[in-house]
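J.: Per Swiss-Prot, the features are:
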type	residues	note
ACT_SITE	50	active site, nucleophile
BINDING	49, 50, 51, 52, 110, 115, 116, 117, 121	substrate binding site
BINDING	190, 191, 192, 193, 194, 195	NADP(+) binding site
SITE	100	site 'Important for activity'
């Protein structure tokens with residue numbers, strides 16, 4: 001059994017690749033079902049945000065086959081060739097996979113360390129995977145632990161104090177270029193979480209007015225009302241462009257919303273520069289817009305510079321958080337390693353119990369005069385003897401399994417009994433392990 005984490009994020013793949021891999025709400029179930037149908041995968045969960053498309057799962061030891069199948073499915077979905085995806089794919093197993101998952105849930109792997117959005121996104125991805133019955137007991141345990149680690153880090157370090165989001169980074173970039181924003185009109189296209197965060201930060205800087213547009217007009221009205229703004233119908237965006245000084249685009253559209261010709265017409269009646277920040281993935285503003293004079297277009301990857309300038313004060317707290325991660329990873333790895341030998345121990349105990357039953361049956365035939373109470377006393381004595389005999393080797397093998405690098409002793413223990421039972425049957429280990437995890441929970 002192998003725990004793995006794989007995928008593409010802002011560190012490994014540019015936005016041009018990530019936007020093609022981004023999994024929409026409508027496609028999520030289809031992709032998850034395809035991944036879950038891979039024979040070598042036992043459990044799978046997918047998280048798709050503007051900064052990452054990642055898969056966390058449990059599989060058998062055939063890792064290369066797992067990687068190959070994942071790439072094939074993602075290539076079909078994104079239309080990006082497998083060989084191209086290979087260049088940007090990361091793939092971690094076991095200890096490093098667990099570490100990565102803990103770092104993601106704790107926002108230590110985020111573009112903006114300490115940003116809170118990832119926790120909700122992490123929970124949502126797990127909830128969806130549960131709905132599609134793609135996760136079972138191992139990933140459930142891992143995700144619960146990851147969220148506990150995240151909470152521990154947020155409460156015991158200052159990692160989330162003054163934490164900035166991508167939306168806030170966008171606002172800081174606007175402030176850096178314009179200086180005072182009090183006389184600036186802002187158009188926000190989109191009404192989701194990122195758009196609302198941007199509106200919140202802009203409102204706190206006393207911009208002149210906030211306009212909100214969304215395909216669902218009611219959502220635009222709802223968001224605009226929160227910040228004393230105005231809602232604009234989606235089909236009227238082009239008419240309003242000349243009035244906007246700052247445009248922040250954050251939608252889930254698959255095609256560009258703002259095109260070069262639209263912006264070109266808008267700037268003809270403007271004297272001041274137009275500042276556009278596209279924090280959507282896929283990008284919602286045509287890249288060629290940046291060719292227009294007086295127009296400044298930035299996408300989500302451009303925000304890295306703004307983000308990096310705000311990371312210094314979090315470095316010390318991040319180091320403290322990494323120590324917590326290291327500690328919790330070791331605990332989980334020990335639990336997992338000990339768990340892996342549980343089917344072996346269970347089979348050994350089953351073998352011992354069958355021997356007990358055989359010997360009792362033989363004994364009772366030889367001593368038919370024993371009454372029920374006497375038989376129960378003998379049975380109890382044999383059970384007690386077996387438990388005492390197996391206790392020390394069981395604890396020894398669990399301890400050796402929990403410590404990395406002690407697989408030889410475990411292998412010897414397994415081989416001693418493998419002639420009686422095949423521990424390597426497909427699915428047998430997983431089912432027994434899950435039973436044990438279920439009992440612990």
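Note: Cβ is positioned from N, Cα and C throughout, glycine not excepted.
Tell me about the surroundings of these features in the structure.
T.: Counting only same-chain residues at least 6 apart in sequence, those with a Cβ under 8 Å from the Cβ of residue 50 (active site, nucleophile) are 18, 22, 166, 194, 279, 280, 281, 300. Classification of residue 50 (active site, nucleophile) by DSSP places it in coil, neither helical nor stranded.
A sphere of 10 angstroms centred on the C-beta of residue 110 (substrate binding site) encloses 23 other C-beta atoms. Taken residue by residue with DSSP, residue 110 (substrate binding site) is part of neither helix nor strand, so it is coil.
Other Cβ atoms within 10 Å of the Cβ of residue 194 (NADP(+) binding site) number 24 in total over all chains.
In the three-state DSSP reading, residue 100 (site 'Important for activity') counts as helix.
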J.: Substrate site residues 49, 50, 51, 52, 110, 115, 116, 117, 121: biggest Cα-Cα distance, Å?
T.: 15
J.: Kindly assign residue 121 (substrate binding site) to one of the three DSSP-derived states: helix, strand or coil.
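T.: In the DSSP reduction, residue 121 (substrate binding site) maps to helix.
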J.: Other residues near the NADP(+) site, CB within 8 A of the CB centroid of 190, 191, 192, 193, 194, 195?
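T.: Along the chain, the qualifying residues are 188, 196, 197, 198, 223, 250, 251.
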J.: Whose Cβ lies within 8 Å of the mean position of the Cβ atoms of 49, 50, 51, 52, 110, 115, 116, 117, 121, the substrate site, other than those residues?
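T.: Filtered neighbour residues, in order: 107, 111, 118, 166.
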J.: Near the Cβ of residue 100 (site 'Important for activity'), how many other Cβ atoms are there if near means within 10 Å?
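T.: By my count, 23.
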